[in-house]
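What follows is a set of notes on a single structure, which appears directly below.
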Amino acid sequence: MENQNYSVAVIGLGSMGMGAAVSCINAGLTTYGIDLNPVALEKLKAAGAKAVAANGYDFAHELDAVVILVVNAAQANAVLFGENGIAKKLKAGTAVMVSSTMAAQDAQIISQKLTELGLIMLDAPVSGGAAKALKGEMTVMASGSKQAFELLQPVLDATAAKVYNIGEEIGLGATVKIVHQLLAGVHIAAGAEAMALASKAGIPLDVMYDVVTNAAGNSWMFENRMKHVVEGDYTPLSMVDIFVKDLGLVNDTAKSLHFPLHLASTAYSMFTEASNAGYGKEDDSAVIKIFSGVSLPKKGA
């Protein structure tokens, strides 16, 4: 199938969803956008989407695929099966790529509901950040049938630099993402703790950042997130509350396996403390603000 004859709707036009949708447009796919935020809808329409809407009723029957990039399982269920859910309007055989971070059990429940409607699910969480999403370079950790992968190949080609086929069982992709989020959350929390200690010890944070990013202690998360701290800019690309949710899923998964997670539990407590202190809607690097007596850079200073 030629790309221009392949129609896809992206539901959830946040930083990752917007990037994925724009990448689909850039790849020549006929692209639709669904979101409750009119500003996001206007932005995607200006980027070349065929149509945008708060729900996809008017164009659902035209779609070959749907990509779900909302925050969690509850939102995924709502946009698919809720009062204004799109699932019942899709034609049989439509592929649904569920990319929200959720527990394996939630992914399996959604898959069962979609199967009952004649729809085909790929359990396909994503990572890489907003910049990579916009360039079509996300990492996708996916599980599902061979048919699901084949039906969604144009979308995967458009949006991803790396696609990992974890297996056929729905829930495997979700579990890999949860383990990944353990590392992501711990890396941010550790980076924040290190920068807070540096500040307390009188080390300029721009100097500390430069040293770490050119030394063995660096990580992708440190380099990406602690730059926000150095700039004093906590405009959210991924919020503190996202990691309250994701590290909660990490701990729930470990609990179900009777498996101890010492570092992840501490990181979860740190993000929860930051959220409780009023920083939940700020960038996740704002977890550094839980440390008292620490002088942090101000934006534009």
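In case you wondered, yes, glycine gets a Cβ from its N, Cα and C as well.
Feature annotations, courtesy of Swiss-Prot:
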- Lys177: active site (ACT_SITE)
- 6-34, Thr101, Lys245: NAD(+) binding site (BINDING)
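Location within the structure of each feature annotated in Swiss-Prot.
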residue : record              : Cβ neighbours (10 Å)
Tyr6    : NAD(+) binding site : 21
Val10   : NAD(+) binding site : 32
Gly14   : NAD(+) binding site : 21
Met18   : NAD(+) binding site : 22
Val22   : NAD(+) binding site : 25
Asn26   : NAD(+) binding site : 16
Thr30   : NAD(+) binding site : 21
Ile34   : NAD(+) binding site : 30
Lys177  : active site         : 28
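DSSP assigns Tyr6 (NAD(+) binding site) to coil, not to a helix or a strand.
Under the DSSP three-state reduction, Ile34 (NAD(+) binding site) is assigned to strand.
Lys177 (active site) and Met18 (NAD(+) binding site) are 20 Å apart (CA-CA, integer value).
The residue listed as 'active site' is 23 Å away from Val22 (NAD(+) binding site) when you measure Cα to Cα. For the recorded site, Gly14 (NAD(+) binding site), the DSSP three-state label reads coil. The binding-site residues shown are Tyr6, Val10, Asn26, Thr30, Ile34; of these, the one with its CA atom nearest the CA of the residue listed as 'active site' is Val10.
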